[in-house]
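To keep things clear, I will list the structure first and then write my remarks on it.
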Amino acid sequence: MCLIENTSDKWRPAAVVLLIISNLQRLIFPLLKSTCRSSFQGPPPLHIREPNISHATCWHLLPHRLIISSALRSKPKTDIGPMAAASISYSALAYNGQVTGNMISGAAQQHKKRLIPLRKTDAMSHAERRNAQVLDDVWRSGGPDCFQVVPPGGVGSEGEPLFLRLNIGGTSFVILIDALLRAESTTFLSRFVQLTHTARLKVSDAYLADDDAYYFQRSPTSFEAIFQYYATGVVHRPSEICPASFLSELDFWRISHQHVGSCCADIVPQPRNEEKEEEKVDDTTFDKLMCGKLRRRMWTFLERPGSSMQAKAFELSSTLFVAISVMGLSFGTIPDFQVTYYMAPHKESVVLPNGVVQVVSKVEEMRVEHPAFVFTERICIAFFTVEYCLRFFAAPRKMRFALKPLNLVDLLAIVPFYLELLLTLCGVDDKKLRDLRWAFLVVRILRVLRVIRIIKLGRFSSGLQTFGMTLQRSQKQLQMMAIVLLTGVVFFSTLIYFLEKDEDGTPFISIPAAYWWCIVTMTTVGYGDAVPATATGKIIASAAIMCGVLVLALPITIIVDNFIKVAQDEQQAEQQKLDQSRQEIALQSMLKGDED
C-alpha cells in the first residue's frame, strides 16, 4: 500500500496491477507447487486417486514402481547414490503422452523415506530383474543419505483401525476389518488382517505410505467380486473375466469355490466326494477332539497318500494286499489248486425194492481250496481289519465316515469272513451245513461277497474314480435310458408273446419269459436261444432291434462329454491344490521369518 501511495498518478495503475499479481503469486504458487508435488513426486500408484492421472498411465508406470520397491527391500538404510538416480532416470515416465524421464529421479529422492521395498519376484521380466540388481549393487556401496521405513499411521497405536486399505492393481479398496474377521478364517485377507505390519509387508507386493494401503499386483476387476463377497458372503463372476482366470483369483485370495453363486456355478469344477470331504476336514477340526494331534497325523497318513513317502508306501502296500486277496480268491477255484476234504460219515435211510428200509453209512467228499490260500486269506483279512479300524479311529466324524461308499466297500470286504467265523463259533461247521440249508446258503452268499474286495482298488485308481464320477454325473441320462429300455422291453415282449404263443415248441410261454429275449434283442447281443418263428414275429423283432439301437446310442455322446469334463475338472483341481500348497508354504515361511 505504501508503494501505491508513493507512486505518481501516471504509474499508479501499473503499481496496482503489480500488487495484485504479487498477491496472486503468494496464493496461487503454493497451490500449484503442492499440486505439482502431488502429481509428480513418487510413482503414480502412490496417488492413483488423482483425477489428472489416467489408469492407462498408471499401468505404464507400474513396473518402474515395482523395480524401485524391490531394490529398497534389500538394504533400506543405504544411500541411493547418484548412479541409482541416473539408472532410475532412464526409466522414462509416460505422462499425458510426454516423456519426463528426469522427474522420476527427483521423485525417488523425495520419497526415499516413504517407499517400502520388495524383494525381486519371479513375476518380473528379465529387464526388470536386471535393473533391480543394478540398484542392489549401487546401494551396497553406501552413501550419505539413509532410507527410513515409516510405519503405517494407526497400526500399532492404542486405537485399533476400523478399515483395511488395499490397492489392487492401481485401484483403491477400503474394507471393514470386522467384515474380514467375520469371514472364513482360511481366506487370505482374514489371515492378512491379523498379521503385524512387518509381516504384511512380506506378504504384500508393496506398501503405499501416502494412502496407508498395501499394494497387490492382481486384477482389480476380479477383486471387485472378492470385495462383494466380504459384504454379502456370495461370489459372482464378472462377465468380462475369463472363468479360469477368475478361479485363479479365488484361489489366490483363498476363497472356497463353495461360495460361488448358483448363477455362476458352471465355472466351478466338480471334485470327487473324497475331495469334498477333505475340504471339510482341516487341521482345526481335530483341535477339540480327544487325541487330536495323534488323530490328525493318522488321518493325514491314511487319507492323503501324497503327504509323505511313508503314506505313499502304505497306499501301495494296501493295493498289493487287495491284489493278493483277489488273486487268491480266483486261483482257489482252480481244481489243480484244490484238495479233497472228506466229511464225517453220516447215516441215510434207503428203501430197497422189496420195501425194506435199510440204514446205510455214507462218506461224502468235497473239493476245497488249498490251505495256503486259506492262510493268505486270513493275513489279508487281518491287514484290512487293522486298516479299517485305524481309519475309523482317526476319522473326526464317525457316522459320515462309515456311510461313505468306499468305506462301506471296505467294511463289506471283511464282514463275510467274520460272519463265517461266527457261524463256526456257534457250532455251525461244515459237518452240519448239509442239514442246515439256511446256514449253507448264508455261507455261500458270504463267500460270494468276497469278490466285493476288488472294488477297494477304486480307492487307489484314479481311472476307476473318474469312471464312477462320470456315471454319477450321467445319472439323468442313464435313468432316461433305463426307463425307455424298460418300456420297450414290456411293449415288445407283450407283442411277441401273443404272436408266438400258439407255435409248436415256442420259447415264449409267457410275457415274463419273453423279457430275456427282448433285452438280448434290444441290446443287439442276440444269443440265439430264443427266436421268433412267424413273419409278424420277425417284424416285431426287427423293430425291437432298431428301437434298442436308438435308445442305447443317444446317451453315449452325453456320457462321453461328461467323461471329458470330469477329466478336465480333475486336472484343474490338482493344479489348484498344487498352487494352494505352494502359497501356504510361502506364507508360512514368511511368517516364520518374521517371528525369527
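Quick reminder: no glycine exception, Cβ is built from N, Cα and C everywhere.
All annotation found in TrEMBL is predicted automatically rather than curated by experts.
Copied from TrEMBL, the annotated features are:
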type     : residues : note
DOMAIN   : 164-263  : domain 'Potassium channel tetramerisation-type BTB'
DOMAIN   : 312-570  : domain 'Ion transport'
TRANSMEM : 406-425  : transmembrane segment
TRANSMEM : 478-499  : transmembrane segment
TRANSMEM : 505-527  : transmembrane segment
TRANSMEM : 539-560  : transmembrane segment
Intrachain neighbours beyond the transmembrane segment (539-560), with Cβ under 8 angstroms and 6 or more residues off its ends: 470, 474, 477-478, 480-481, 484-485, 488, 492, 495-496, 499, 518, 521-524, 531-532
Secondary structure content of the domain 'Potassium channel tetramerisation-type BTB' (164-263), with strand meaning DSSP E or B: 46 helix, 20 strand, 34 coil
Contact set, same chain, for the transmembrane segment (478-499): CB under 8 Å, 6 or more residues outside the stretch: 471, 508, 510-515, 517-519, 521-522, 532, 534, 536-537, 540-541, 543-544, 547-548, 551-552, 554-555, 559
